[in-house]
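**Q** Encoded as structure tokens, here's the structure I'll be asking about.
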Amino acid sequence: MAYSVKELFKTLQGEGAQAGRAAVFCRFAGCNLWTGRESDRAGAACTFCDTDFVGTDGQGGGKFADAAGLADAIAACWGEHPADRYVVFTGGEPLLQLDEALLQAVHAQGFTVAIETNGTLPPPPGIDWICVSPKGRAPVVVERGHELKLVFPQADARPEAFAHLAFEHFFLQPMDGPARAAHTTQAVQYCLDHPQWRLSLQTHKYIGIP
């Protein structure tokens with residue numbers, strides 16, 4: 001299978017339970033909930049999306065003919081340090097492209113594999129860390145994993161709709177944009193009132209890293 005990658009870069013994970021951890025981010029092109037075109041944003045399941053996932057023209061992006069080639073590019077992006085290799089497959093929606101062949105190839109390079117998914121598609125076996133981020137009314141089929149991270153507030157995706165799912169960690173992440181301060185205040189109060197939930201901030205945006 002060929003893979004279309006918007007961008008490939010090394011940075012620190014900025015969000016959730018793995019915040020602060022060095023990681024290679026492999027951002028796949030494409031999403032099943034929005035085309036990525038501004039003209040279509042109003043009809044998207046997540047009108048608040050702040051990610052460019054269209055095309056393959058980003059840093060380190062491109063079309064990769066097979067799993068081995070993409071795994072080699074991920075390893076090269078990580079660099080010479082052999083320990084604690086960690087790759088995050090994201091998007092767009094990574095489960096449109098992530099398959100068992102690619103998982104096997106990056107595992108063979110010594111990586112722990114994480115995904116950040118909207119949870120609407122079933123994952124292949126072998127993923128080490130599953131983070132689901134529900135979007136609007138889009139039905140979630142991934143009902144167990146390591147981390148559920150909900151952008152908050154969403155009128156069509158309330159925290160109580162997901163609190164019963166089998167995840168180890170539950171995070172509220174204040175929605176970015178002009179009302180971020182108000183959203184943060186709301187998220188803080190919700191976490192205080194519902195201690196099952198923890199606050200996740202996009203620390204990479206605060207410290208100016210990708």
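These residue numbers are counts, starting from 1, taken along the chain as shown.
Glycine too: its Cβ is placed from the backbone N, Cα and C atoms.
Quick caveat, the model's predicted, so the values are computed rather than measured.
Okay, so Swiss-Prot annotates it like this:
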BINDING   LEU12, GLN13, GLY14, ARG27, THR90, PRO210  substrate binding site
DOMAIN    18-210  domain 'Radical SAM core'
BINDING   CYS31, CYS46, CYS49  [4Fe-4S] cluster binding site
BINDING   THR51  Mg(2+) binding site
BINDING   GLY92, SER133, PRO134, LYS135, GLN173, PRO174, MET175, ASP176  S-adenosyl-L-methionine binding site
**Q** Can you give me the Cα-Cα distance between ARG27 (substrate binding site) and GLY92 (S-adenosyl-L-methionine binding site) in Å, rounded to a whole number?
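**A** Counting only the Cα atoms, the answer is 7 Å.
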**Q** Round to a whole number and give the Cα-to-Cα distance in Å for the pair SER133 (S-adenosyl-L-methionine binding site) and THR90 (substrate binding site).
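**A** About 11 Å separates the two Cα atoms.
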**Q** Express the distance between the Cα positions of GLY14 (substrate binding site) and CYS31 ([4Fe-4S] cluster binding site) as a whole number of Å.
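**A** The separation of the Cα atoms works out to 21 Å.
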**Q** Nearest to GLN13 (substrate binding site) by Cα, among CYS31, GLY92, LYS135 (binding-site residues)?
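**A** Nearest candidate: GLY92.
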**Q** Taking Cα atoms as reference points, rank the binding-site residues LEU12, CYS49, THR51 by distance from GLN173 (S-adenosyl-L-methionine binding site) and give the first.
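**A** Ranked by Cα distance from GLN173 (S-adenosyl-L-methionine binding site), first place goes to CYS49.
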**Q** Could you round the CA separation between ASP176 (S-adenosyl-L-methionine binding site) and CYS31 ([4Fe-4S] cluster binding site) to a whole angstrom and send it over?
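**A** Their Cα atoms are separated by 20 Å.
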**Q** Give the sequence-ordered list of residues that share a chain with PRO174 (S-adenosyl-L-methionine binding site), lie 6 or more positions from it, and have CB atoms under 8 Å from its CB.
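**A** For PRO174 (S-adenosyl-L-methionine binding site), the qualifying residues are VAL151, PHE152, ARG180, HIS183, THR184, GLN186, ALA187, LEU199, LEU201.
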**Q** Taking the binding-site residues one at a time (CYS31, CYS49, MET175), which has its Cβ surrounded by the most other Cβ atoms within 10 Å?
**A** CYS31
**Q** Taking the Cα atoms as reference points, how far is CYS49 ([4Fe-4S] cluster binding site) from PRO210 (substrate binding site) in Å?
**A** 16
**Q** Should any of the binding-site residues LEU12, CYS31, CYS46, THR51, THR90, PRO210 have a Cα within 10 Å of the Cα of LYS135 (S-adenosyl-L-methionine binding site), which are they?
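**A** Matched binding-site residues: CYS46, sequence order.
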**Q** Using C-alpha positions only, work out which of the binding-site residues LEU12, CYS31, CYS46, THR51 is nearest to GLY92 (S-adenosyl-L-methionine binding site).
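**A** Of the binding-site residues LEU12, CYS31, CYS46, THR51, CYS31 has its Cα closest to that of GLY92 (S-adenosyl-L-methionine binding site).
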**Q** Taking just the CA atoms, what is the gap between PRO210 (substrate binding site) and PRO134 (S-adenosyl-L-methionine binding site) in Å?
**A** 22
**Q** Give the sequence-ordered set of same-chain residues, not counting LEU12, GLN13, GLY14, ARG27, THR90, PRO210, with Cβ within 8 Å of the centre of the Cβ atoms defining the substrate site.
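**A** Nearby residues not in the site list: PHE9, THR11, GLU15, ALA23, PHE25, VAL88, HIS204.
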